[in-house]
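Notes follow the structure.
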(Lines of atoms letter the chains of each structure in order from A and count residues from 1; the text may use other names and numbers.)
(Lines give C-alpha, C1' and ligand atoms only; values in the text may rest on other atoms or scores of the structure.)
Protein backbone atom coordinates (compact mmCIF):
# COMPACT_ATOMS: atom_id res chain seq x y z
CA UNK A 1 0.00 0.00 0.00
CA UNK A 2 1.57 3.26 -1.01
CA UNK A 3 1.25 6.53 0.86
CA UNK A 4 -0.34 9.63 -0.65
CA UNK A 5 0.31 9.63 -4.40
CA UNK A 6 2.09 12.57 -5.95
CA UNK A 7 -1.18 13.76 -7.48
CA UNK A 8 -2.73 13.62 -4.00
CA UNK A 9 -0.02 15.92 -2.71
CA UNK A 10 -0.63 18.36 -5.57
CA UNK A 11 -4.36 18.31 -4.83
CA UNK A 12 -3.71 19.26 -1.22
CA UNK A 13 -1.27 21.96 -2.27
CA UNK A 14 -3.74 23.48 -4.69
CA UNK A 15 -6.54 23.30 -2.13
CA UNK A 16 -4.40 25.17 0.39
CA UNK A 17 -3.46 27.82 -2.15
CA UNK A 18 -7.10 28.32 -3.11
CA UNK A 19 -8.16 28.60 0.53
CA UNK A 20 -5.35 31.07 1.17
CA UNK A 21 -6.40 33.15 -1.86
CA UNK A 22 -9.98 33.11 -0.63
CA UNK A 23 -8.83 34.64 2.64
CA UNK A 24 -6.70 37.19 0.78
CA UNK A 25 -9.75 38.11 -1.32
CA UNK A 26 -11.77 38.66 1.85
CA UNK A 27 -8.98 40.83 3.20
CA UNK A 28 -8.96 42.87 -0.01
CA UNK A 29 -12.71 43.41 0.14
CA UNK A 30 -12.63 44.38 3.82
CA UNK A 31 -13.75 47.93 4.49
CA UNK A 32 -11.08 49.99 6.18
CA UNK A 33 -11.09 53.58 7.34
CA UNK A 34 -8.17 55.97 6.95
CA UNK A 35 -5.64 56.61 9.68
CA UNK A 36 -6.94 60.19 10.01
CA UNK A 37 -10.51 58.99 10.52
CA UNK A 38 -9.46 56.32 13.04
CA UNK A 39 -7.27 58.81 14.90
CA UNK A 40 -10.03 61.39 15.04
CA UNK A 41 -12.41 58.81 16.46
CA UNK A 42 -9.96 57.65 19.13
CA UNK A 43 -9.13 61.24 20.13
CA UNK A 44 -12.83 62.13 20.33
CA UNK A 45 -13.52 59.18 22.64
CA UNK A 46 -10.54 59.88 24.89
CA UNK A 47 -11.21 63.60 25.26
CA UNK A 48 -14.90 62.98 25.94
CA UNK A 49 -14.54 60.35 28.68
CA UNK A 50 -14.07 61.42 32.28
CA UNK A 51 -10.88 59.93 33.74
CA UNK A 52 -10.13 60.51 37.41
CA UNK A 53 -6.59 59.18 37.08
CA UNK A 54 -5.87 62.44 35.19
CA UNK A 55 -6.93 65.18 37.65
CA UNK A 56 -5.19 67.88 35.59
CA UNK A 57 -7.84 67.31 32.91
CA UNK A 58 -10.84 66.11 34.89
CA UNK A 59 -10.40 67.41 38.43
CA UNK A 60 -10.22 65.41 41.63
CA UNK A 61 -12.82 62.85 42.67
CA UNK A 62 -15.44 64.13 45.14
CA UNK A 63 -14.04 61.84 47.83
CA UNK A 64 -10.91 59.77 48.10
CA UNK A 65 -11.90 56.11 48.44
CA UNK A 66 -8.45 55.31 49.78
CA UNK A 67 -8.46 57.81 52.64
CA UNK A 68 -8.28 56.16 56.05
CA UNK A 69 -11.81 57.32 56.94
CA UNK A 70 -13.23 55.17 54.15
CA UNK A 71 -11.97 51.98 55.80
CA UNK A 72 -13.85 52.71 59.00
CA UNK A 73 -11.09 52.10 61.51
CA UNK A 74 -12.28 52.06 65.05
CA UNK A 75 -10.71 54.23 67.70
CA UNK A 76 -9.80 53.01 71.15
CA UNK A 77 -10.48 55.54 73.81
CA UNK B 1 -2.13 20.76 -12.28
CA UNK B 2 1.28 22.36 -12.01
CA UNK B 3 -0.13 25.21 -14.09
CA UNK B 4 -3.10 25.63 -11.74
CA UNK B 5 -0.77 25.86 -8.75
CA UNK B 6 1.41 28.38 -10.55
CA UNK B 7 -1.69 30.45 -11.33
CA UNK B 8 -2.84 30.31 -7.75
CA UNK B 9 0.59 31.48 -6.64
CA UNK B 10 0.43 34.40 -9.08
CA UNK B 11 -3.03 35.33 -7.91
CA UNK B 12 -1.85 35.34 -4.29
CA UNK B 13 0.94 37.78 -5.18
CA UNK B 14 -1.52 39.97 -7.09
CA UNK B 15 -3.97 40.04 -4.18
CA UNK B 16 -1.23 40.85 -1.68
CA UNK B 17 -0.07 43.78 -3.83
CA UNK B 18 -3.63 45.07 -4.12
CA UNK B 19 -4.09 44.87 -0.34
CA UNK B 20 -0.81 46.74 0.17
CA UNK B 21 -1.95 49.44 -2.26
CA UNK B 22 -5.30 49.84 -0.57
CA UNK B 23 -3.73 50.14 2.86
CA UNK B 24 -1.10 52.61 1.66
CA UNK B 25 -3.81 54.87 0.24
CA UNK B 26 -5.42 55.10 3.68
CA UNK B 27 -2.16 55.86 5.46
CA UNK B 28 -2.69 59.62 5.29
CA UNK B 29 -1.22 60.62 8.65
CA UNK B 30 -0.46 59.16 12.08
CA UNK B 31 -2.17 59.21 15.45
CA UNK B 32 0.93 60.86 16.92
CA UNK B 33 0.81 63.71 14.41
CA UNK B 34 -2.92 64.24 14.90
CA UNK B 35 -2.43 64.34 18.68
CA UNK B 36 0.31 66.99 18.57
CA UNK B 37 -2.15 69.79 19.18
CA UNK B 38 -3.36 68.20 22.43
CA UNK B 39 -1.90 69.54 25.66
CA UNK B 40 0.86 67.23 26.86
CA UNK B 41 -0.01 65.61 30.18
CA UNK B 42 2.06 66.94 33.03
CA UNK B 43 3.62 64.13 35.02
CA UNK B 44 0.76 62.14 36.45
CA UNK B 45 0.45 61.90 40.18
CA UNK B 46 -0.32 58.24 40.78
CA UNK B 47 1.06 56.63 43.87
CA UNK B 48 0.82 53.50 45.98
CA UNK B 49 -2.28 53.57 48.17
CA UNK B 50 -2.38 49.95 49.38
CA UNK B 51 0.04 47.02 49.52
CA UNK B 52 -1.47 43.54 49.46
CA UNK B 53 0.85 41.18 51.29
CA UNK B 54 0.23 37.52 51.85
CA UNK B 55 1.47 35.46 48.94
CA UNK B 56 4.62 33.45 49.60
CA UNK B 57 5.92 33.14 46.07
CA UNK B 58 5.89 34.95 42.71
CA UNK B 59 2.56 36.40 41.65
CA UNK B 60 1.76 35.57 38.03
CA UNK B 61 -1.68 37.00 37.46
CA UNK B 62 -4.42 39.24 38.80
CA UNK B 63 -7.91 40.31 37.72
CA UNK B 64 -10.27 42.92 39.19
CA UNK B 65 -13.86 42.02 40.01
CA UNK B 66 -16.64 44.08 38.39
CA UNK B 67 -17.54 45.52 41.80
CA UNK B 68 -14.29 47.56 41.57
CA UNK B 69 -13.50 46.59 45.15
CA UNK B 70 -12.30 43.01 44.99
CA UNK B 71 -9.58 41.38 42.98
CA UNK B 72 -8.15 37.90 42.63
CA UNK B 73 -4.45 37.06 42.41
CA UNK B 74 -2.63 33.84 41.58
CA UNK B 75 0.77 32.83 42.86
CA UNK B 76 3.04 29.87 42.42
CA UNK B 77 2.76 29.37 46.17
CA UNK B 78 -0.29 27.40 45.00
CA UNK B 79 -2.94 29.85 46.14
CA UNK B 80 -5.58 32.11 44.69
CA UNK B 81 -6.31 34.99 47.02
CA UNK B 82 -9.40 37.18 46.72
CA UNK B 83 -8.69 40.59 48.25
CA UNK B 84 -10.71 43.63 49.25
CA UNK B 85 -8.41 46.17 47.61
CA UNK B 86 -9.51 49.01 49.90
CA UNK B 87 -9.21 47.33 53.29
CA UNK B 88 -6.45 44.91 52.14
CA UNK B 89 -8.38 42.08 53.80
CA UNK B 90 -8.10 38.62 52.31
CA UNK B 91 -11.64 37.49 51.65
CA UNK B 92 -10.73 34.01 50.40
CA UNK B 93 -7.46 32.04 50.21
CA UNK B 94 -8.04 29.12 47.87
CA UNK B 95 -5.50 26.27 47.81
CA UNK B 96 -4.91 24.98 44.29
CA UNK B 97 -4.42 21.39 43.17
CA UNK B 98 -1.57 22.50 40.93
CA UNK B 99 0.74 25.28 42.09
CA UNK B 100 2.00 26.04 38.56
CA UNK B 101 -0.60 28.67 37.94
CA UNK B 102 -0.17 31.27 35.17
CA UNK B 103 -3.52 33.02 34.98
CA UNK B 104 -6.63 33.84 36.96
CA UNK B 105 -9.97 35.52 36.31
CA UNK B 106 -12.96 36.91 38.21
CA UNK B 107 -16.44 36.33 36.78
CA UNK B 108 -18.49 39.54 36.24
CA UNK B 109 -21.15 38.36 38.72
CA UNK B 110 -18.54 37.74 41.39
CA UNK B 111 -19.79 34.18 41.86
CA UNK B 112 -16.83 32.42 40.29
CA UNK B 113 -13.08 32.67 39.87
CA UNK B 114 -10.93 30.63 37.50
CA UNK B 115 -7.27 29.77 37.12
CA UNK B 116 -4.94 27.54 35.17
CA UNK B 117 -1.34 26.98 34.16
CA UNK B 118 1.05 24.12 33.51
CA UNK B 119 -1.67 21.60 34.33
CA UNK B 120 -3.21 22.52 30.92
CA UNK B 121 -6.60 22.94 32.60
CA UNK B 122 -8.88 25.79 33.55
CA UNK B 123 -10.24 25.23 37.08
CA UNK B 124 -13.41 27.04 38.06
CA UNK B 125 -14.11 27.79 41.73
CA UNK B 126 -17.51 28.70 43.14
CA UNK B 127 -17.13 31.43 45.76
CA UNK B 128 -20.75 31.50 46.82
CA UNK B 129 -21.69 27.91 47.64
CA UNK B 130 -24.67 27.14 49.84
CA UNK B 131 -22.37 25.57 52.44
CA UNK B 132 -20.27 28.71 52.59
CA UNK B 133 -16.92 27.20 51.58
CA UNK B 134 -15.16 27.70 48.25
CA UNK B 135 -15.30 24.61 46.05
CA UNK B 136 -13.97 23.48 42.69
CA UNK B 137 -16.96 23.69 40.37
CA UNK B 138 -15.37 22.42 37.14
CA UNK B 139 -12.04 21.43 35.68
CA UNK B 140 -12.03 22.33 31.98
CA UNK B 141 -9.68 20.00 30.22
CA UNK B 142 -8.99 19.90 26.46
CA UNK B 143 -5.92 22.03 25.85
CA UNK B 144 -2.73 20.14 25.08
CA UNK B 145 -0.53 22.94 26.31
CA UNK B 146 -0.29 25.30 29.29
CA UNK B 147 -3.12 27.69 30.05
CA UNK B 148 -1.72 31.21 29.58
CA UNK B 149 -4.87 33.27 30.05
CA UNK B 150 -8.56 32.88 30.88
CA UNK B 151 -11.40 35.44 30.88
CA UNK B 152 -15.07 35.03 31.78
CA UNK B 153 -17.75 36.30 29.42
CA UNK B 154 -20.38 35.48 32.04
CA UNK B 155 -20.94 32.72 34.63
CA UNK B 156 -21.62 30.22 31.85
CA UNK B 157 -18.90 31.00 29.34
CA UNK B 158 -15.16 31.40 29.64
CA UNK B 159 -12.45 31.92 27.00
CA UNK B 160 -8.99 30.44 27.39
CA UNK B 161 -5.68 30.76 25.53
CA UNK B 162 -2.95 28.16 25.53
CA UNK B 163 0.61 27.18 24.76
CA UNK B 164 -0.95 24.65 22.36
CA UNK B 165 -1.45 27.65 19.97
CA UNK B 166 -5.23 27.64 20.26
CA UNK B 167 -7.94 29.47 22.16
CA UNK B 168 -11.16 27.84 23.34
CA UNK B 169 -14.62 28.92 24.42
CA UNK B 170 -16.18 26.75 27.12
CA UNK B 171 -19.63 26.09 28.52
CA UNK B 172 -18.79 26.11 32.23
CA UNK B 173 -21.93 24.25 33.35
CA UNK B 174 -21.47 21.48 30.81
CA UNK B 175 -17.73 21.45 31.48
CA UNK B 176 -16.99 21.24 27.74
CA UNK B 177 -15.50 23.35 25.01
CA UNK B 178 -18.00 24.81 22.54
CA UNK B 179 -15.62 26.50 20.09
CA UNK B 180 -12.00 26.26 19.13
CA UNK B 181 -9.98 29.15 17.66
CA UNK B 182 -7.06 27.95 15.56
CA UNK B 183 -4.81 30.11 13.44
CA UNK B 184 -1.83 31.17 15.52
CA UNK B 185 1.51 29.53 14.77
CA UNK B 186 2.96 30.08 18.21
CA UNK B 187 1.97 29.80 21.89
CA UNK B 188 -0.97 32.12 22.58
CA UNK B 189 -0.05 34.20 25.62
CA UNK B 190 -2.96 36.53 26.31
CA UNK B 191 -6.52 37.40 25.38
CA UNK B 192 -8.95 40.27 25.90
CA UNK B 193 -12.70 40.33 25.26
CA UNK B 194 -14.29 43.31 23.46
CA UNK B 195 -16.73 45.45 25.49
CA UNK B 196 -19.67 44.23 23.36
CA UNK B 197 -18.49 40.60 23.77
CA UNK B 198 -18.74 39.85 20.04
CA UNK B 199 -14.98 39.65 19.53
CA UNK B 200 -11.82 38.87 21.39
CA UNK B 201 -8.20 39.62 20.60
CA UNK B 202 -5.28 37.24 21.24
CA UNK B 203 -1.51 37.81 21.30
CA UNK B 204 0.98 35.05 20.59
CA UNK B 205 4.62 34.03 20.31
CA UNK B 206 4.26 34.20 16.52
CA UNK B 207 4.46 38.02 16.99
CA UNK B 208 0.91 38.54 15.74
CA UNK B 209 -2.30 39.64 17.37
CA UNK B 210 -5.53 38.17 16.00
CA UNK B 211 -9.11 39.31 16.34
CA UNK B 212 -11.72 36.55 16.45
CA UNK B 213 -15.48 36.45 15.98
CA UNK B 214 -16.69 34.51 19.03
CA UNK B 215 -19.90 33.16 17.40
CA UNK B 216 -18.29 31.83 14.22
CA UNK B 217 -14.87 30.90 15.57
CA UNK B 218 -13.18 32.66 12.65
CA UNK B 219 -10.10 34.81 12.75
CA UNK B 220 -11.35 38.06 11.23
CA UNK B 221 -8.18 40.14 11.39
CA UNK B 222 -4.46 39.60 11.91
CA UNK B 223 -2.11 42.36 13.01
CA UNK B 224 1.63 42.21 12.43
CA UNK B 225 4.30 44.68 13.49
CA UNK B 226 5.81 43.30 16.66
CA UNK B 227 9.23 41.74 16.30
CA UNK B 228 8.91 39.19 19.06
CA UNK B 229 6.46 37.36 21.33
CA UNK B 230 3.39 39.34 22.29
CA UNK B 231 2.86 38.74 26.02
CA UNK B 232 -0.16 40.92 26.67
CA UNK B 233 -3.20 42.28 24.85
CA UNK B 234 -5.97 44.51 26.14
CA UNK B 235 -8.91 46.14 24.38
CA UNK B 236 -9.09 49.92 24.34
CA UNK B 237 -12.13 51.02 26.42
CA UNK B 238 -14.40 51.69 23.40
CA UNK B 239 -13.57 48.40 21.67
CA UNK B 240 -12.31 50.02 18.46
CA UNK B 241 -8.66 49.37 19.19
CA UNK B 242 -6.40 47.29 21.39
CA UNK B 243 -3.00 47.62 23.04
CA UNK B 244 -0.20 45.05 23.07
CA UNK B 245 3.02 44.48 25.01
CA UNK B 246 5.89 42.41 23.68
CA UNK B 247 9.33 40.95 24.34
CA UNK B 248 10.56 43.38 21.65
CA UNK B 249 10.44 46.08 24.37
CA UNK B 250 7.58 47.97 22.73
CA UNK B 251 3.88 48.42 23.32
CA UNK B 252 1.68 49.17 20.32
CA UNK B 253 -1.83 50.34 19.60
CA UNK B 254 -3.77 48.69 16.77
CA UNK B 255 -7.07 49.96 15.39
CA UNK B 256 -9.64 47.41 14.15
CA UNK B 257 -11.43 49.70 11.67
CA UNK B 258 -8.20 51.00 10.12
CA UNK B 259 -6.80 47.46 10.27
CA UNK B 260 -3.33 48.67 11.21
CA UNK B 261 -0.84 49.70 13.85
CA UNK B 262 -1.58 53.24 15.05
CA UNK B 263 1.18 53.96 17.51
CA UNK B 264 4.26 52.50 19.14
CA UNK B 265 5.37 53.16 22.70
CA UNK B 266 9.05 52.68 23.21
CA UNK B 267 12.21 54.38 24.34
CA UNK B 268 15.89 53.87 23.58
CA UNK B 269 16.67 53.04 27.17
CA UNK B 270 13.88 50.48 27.52
CA UNK B 271 15.39 47.17 26.56
CA UNK B 272 13.31 44.64 28.43
CA UNK B 273 10.07 42.90 27.66
CA UNK B 274 6.57 43.94 28.63
CA UNK B 275 4.49 41.47 30.63
CA UNK B 276 1.14 43.23 30.92
CA UNK B 277 -0.84 46.23 29.63
CA UNK B 278 -4.01 48.06 30.68
CA UNK B 279 -5.80 51.31 29.81
CA UNK B 280 -7.25 53.96 32.08
CA UNK B 281 -11.01 54.45 31.71
CA UNK B 282 -10.72 57.09 28.95
CA UNK B 283 -7.91 55.23 27.22
CA UNK B 284 -5.63 58.25 27.50
CA UNK B 285 -3.22 56.38 29.77
CA UNK B 286 -1.70 53.01 29.00
CA UNK B 287 -0.05 51.21 31.90
CA UNK B 288 2.59 48.64 31.00
CA UNK B 289 4.43 46.26 33.33
CA UNK B 290 8.06 45.51 32.53
CA UNK B 291 10.68 42.89 33.34
CA UNK B 292 12.87 45.66 34.84
CA UNK B 293 10.54 45.91 37.89
CA UNK B 294 8.81 49.11 36.73
CA UNK B 295 5.49 50.07 35.31
CA UNK B 296 5.64 52.76 32.63
CA UNK B 297 2.68 55.02 31.99
CA UNK B 298 2.22 56.16 28.38
CA UNK B 299 0.08 58.89 26.83
CA UNK B 300 -1.77 56.64 24.36
CA UNK B 301 -2.42 59.52 21.92
CA UNK B 302 0.82 61.51 21.98
CA UNK B 303 3.00 58.43 22.73
CA UNK B 304 4.95 60.34 25.41
CA UNK B 305 5.94 58.49 28.53
CA UNK B 306 4.18 60.40 31.32
CA UNK B 307 5.25 58.43 34.36
CA UNK B 308 7.33 55.60 35.77
CA UNK B 309 5.77 53.73 38.68
CA UNK B 310 8.58 52.26 40.71
CA UNK B 311 7.49 50.20 43.64
CA UNK B 312 8.33 46.59 43.11
CA UNK B 313 11.45 44.66 43.88
CA UNK B 314 11.09 42.21 41.06
CA UNK B 315 9.39 41.84 37.67
CA UNK B 316 5.89 43.31 37.32
CA UNK B 317 4.07 40.25 36.00
CA UNK B 318 0.51 41.52 35.80
CA UNK B 319 -1.58 44.62 36.17
CA UNK B 320 -5.14 45.81 35.73
CA UNK B 321 -7.34 48.88 36.01
CA UNK B 322 -10.60 48.63 37.98
CA UNK B 323 -13.74 49.13 35.90
CA UNK B 324 -14.56 52.52 37.44
CA UNK B 325 -11.09 53.71 36.48
CA UNK B 326 -10.30 54.81 40.03
CA UNK B 327 -7.50 52.38 40.81
CA UNK B 328 -4.78 50.38 39.11
CA UNK B 329 -3.20 47.26 40.60
CA UNK B 330 0.21 45.76 39.82
CA UNK B 331 1.29 42.24 40.77
CA UNK B 332 4.90 41.18 40.98
CA UNK B 333 7.39 38.37 41.38
CA UNK B 334 8.31 40.13 44.64
CA UNK B 335 5.13 38.43 46.08
CA UNK B 336 3.18 41.65 46.59
CA UNK B 337 0.38 43.48 44.82
CA UNK B 338 0.22 47.25 44.95
CA UNK B 339 -2.89 49.34 44.41
CA UNK B 340 -2.21 52.74 42.84
CA UNK B 341 -4.40 55.79 42.56
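Placement of Cβ uses the backbone N, Cα and C atoms for every residue, glycine included.
Long-range contacts of the repeat 'WD' (B:52-93) within the same chain, counting only residues at least 6 positions beyond its ends with a Cβ under 8 Å from a Cβ of the stretch, are 99-106, 108-110, 113, 115, 117, 125, 127, 134, 151, 314, 317-324, 326-327, 329, 331-333, 335-339. The repeat 'WD' annotation in TrEMBL covers B:52-93 (among others).
Counting residues 6+ beyond its ends, the repeat 'WD' (B:140-180) has Cβ neighbours under 8 Å at 63, 102-109, 111-112, 114-124, 186-193, 197, 200, 202, 204, 212, 214, 217 in the same chain. The feature repeat 'WD' is assigned by TrEMBL to B:140-180 (among others).
Annotation source TrEMBL lists repeat 'WD' at B:181-222 (among others). Sequence-distant contacts of the repeat 'WD' (B:181-222) (same chain, at least 6 residues past either end, Cβ-Cβ under 8 Å): 145-146, 148-149, 151, 153, 159-169, 228-235, 237-239, 242, 244, 246, 248, 254, 256, 259.
Here TrEMBL flags B:223-264 (among others) as repeat 'WD'. Proximity of distant same-chain residues to the repeat 'WD' (B:223-264), defined by a Cβ-Cβ separation under 8 Å and at least 6 residues beyond the stretch ends, is recorded for 23, 26-27, 30-32, 186-187, 189-196, 199, 201-205, 207-211, 270-279, 281-283, 286, 288-289, 298, 300-301, 303.
Averaged over the repeat 'WD' (B:309-341), the predicted model reaches a pLDDT of 97. TrEMBL lists B:309-341 (among others) with the feature repeat 'WD'.
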